[in-house]
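Novice: One structure, as structure tokens, below. Some questions next.
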Amino acid sequence: MSGRDVGAGGMRVGDVGWRRLAPRMILVDALRVAFSLLPGVLVLLVLDTEPDTMTVAPLAGVAAWGVLGAVADSVRWATTAYRVTETHVERRTGLFVRTHRSVSRDRIRSVDADAKPLRRLFGLRRVTVGAGQMTTAMEAALTLDAVTRREAAALREELTGARQEAADGPLATFEPRWVAHNVQGFWAYVCAAGVLWGGYWTAQMVGIDLAEVVGSLADWEALGPGWTAAVAVLAVSVLGAAGMAVAFFAESAHFRLERVEGEGTTVLRTTAGLFRTREIARDESRVRGISVSQPLLWRWLGTADTTLITTGLRIWSSAVTILPRGPVDVARRVAAAVIGSSALDAPLIRHPVAALRRRLLWAALVAGCCALLLVPVGGDAWWVALLVVLPPALGLAFVGYRSLGHAVAGDHLVVRAGALTRTTSALRRQAVSGIRVRQSLLQRRLGLATVVACTAAGEGGYGVYDCAVGDAVAFAQVSLPGQVPLRVGEPLPVDRTPLTISVPGAR
């Protein structure tokens, strides 16, 4: 190791001695206490509000949250030490129960550095080292909260080998038009509800009744219940969209995706955040492919999510998200730059109409079961349920069929599927560790089969659903040349047990 200077006292990353977190955390905690007490001072002293339970209880809760959080941070700072050796990153912490965690450096998958506003003000960063045990332990490998900005940069460079600047410029930067793709959906109404609830109780503390204020804005009785409900829904939608837009901008502003040189490999690094800066570095040698997903309700807007198929990270980890939700054309362009191939743009093989018939049959069965469950209720309940469930079920069946497709594009396998969310994935053929081909009784009747490319990355398997039997065998043979003991035109085994072929040398 090179042993760069990273903090006061001449501490070096390569030293094996234990080091404490940055002492500036004490100043951050002092400000945190002051800010938690500030609302009470303003409401009770400056605004001279009459103290009662409705006023004092929320203020006491805010003050207790700030004070207890600061005390917990101070205890953690006093009892935490860490070190970086040639082979491991180690941390020990705890007052009453001491814990010691170590992460082998050859298993490090990502290094995440972020800073909340107060920590950013004092030049501090929280560093999270992600490693392979995240998949099994269901937790981040190791967190250092907080170290100095210089020390965080040195740790990232030392542990990932990533340089400070990219040689060829960014692969993607923040675009204002991305905001339009992040202001819709169920969470907009949740955001609006949170804003309204917080605003109502804040106003109550200073003696303002928001219900009376809203009631005085218009003659709601004259408008009638229909128009009143329409205005309410519109207002909540606008408020939720505005809240989502502000939240997305605060989280993703200054976004930048770069490919930087590391020690024997390259690193995909993202930085983003307006008030809270976050930086994630990912070892590109562990990337096995990429997925672009399009939600059904916002497909008309061209909205897409872009995630990496990589080893050692949970599929729901923030580190696998390589790009904020945005236009699908940007997602495909960035995906091509990341995997070095335009595999996602390859023409896909359509699946036979029998796949549509299978989906329509299942949709009809689900709707029929829902109707049968309501037969004992009597009356018209059963056919009302049938009319309510059957049309959307048939619609989803058709949409799901339209999403099916697969292809082999150079060194990548491309699969597409999904009704509510259409996901197109490109997986490196070298990353395929096994092939599983299966047929249900109905699939066998319709001449269909499902083939799944198994891998140690991402979801663990990427399937070609309900394709023709010949296409399934051909896809399997291309995925694992010389390993599939079937030929195109041969029937699959009569036994319903899936046919599985594994390759020990796959990565």
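The count begins at 1 with the first shown residue.
Placed from the backbone N, Cα and C atoms, the Cβ positions cover glycine too.
Annotations per TrEMBL:
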type	residues	note
TRANSMEM	26-47	transmembrane segment
TRANSMEM	53-72	transmembrane segment
DOMAIN	77-158	domain 'YdbS-like PH'
TRANSMEM	186-207	transmembrane segment
TRANSMEM	227-250	transmembrane segment
TRANSMEM	360-377	transmembrane segment
TRANSMEM	383-401	transmembrane segment
DOMAIN	401-473	domain 'YdbS-like PH'
Novice: Excluding the flanking five residues on each side, which residues at least 6 beyond the ends of the transmembrane segment (360-377) place their CB within less than 8 Å of a CB in that stretch?
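Specialist: For the transmembrane segment (360-377), the list is 383, 385-386, 389-390, 393-394, 396-398, 442.
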Novice: Kindly state the mean pLDDT of the domain 'YdbS-like PH' (77-158) in the predicted structure.
Specialist: 81
Novice: Counting by DSSP secondary structure, give me helix, strand and coil numbers for the domain 'YdbS-like PH' (77-158).
Specialist: 25 helix, 39 strand, 18 coil
Novice: Could you put numbers on the helix, strand and coil content of the domain 'YdbS-like PH' (401-473), residue by residue per DSSP?
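Specialist: Counts, helix then strand then coil: 17 helix, 42 strand, 14 coil.
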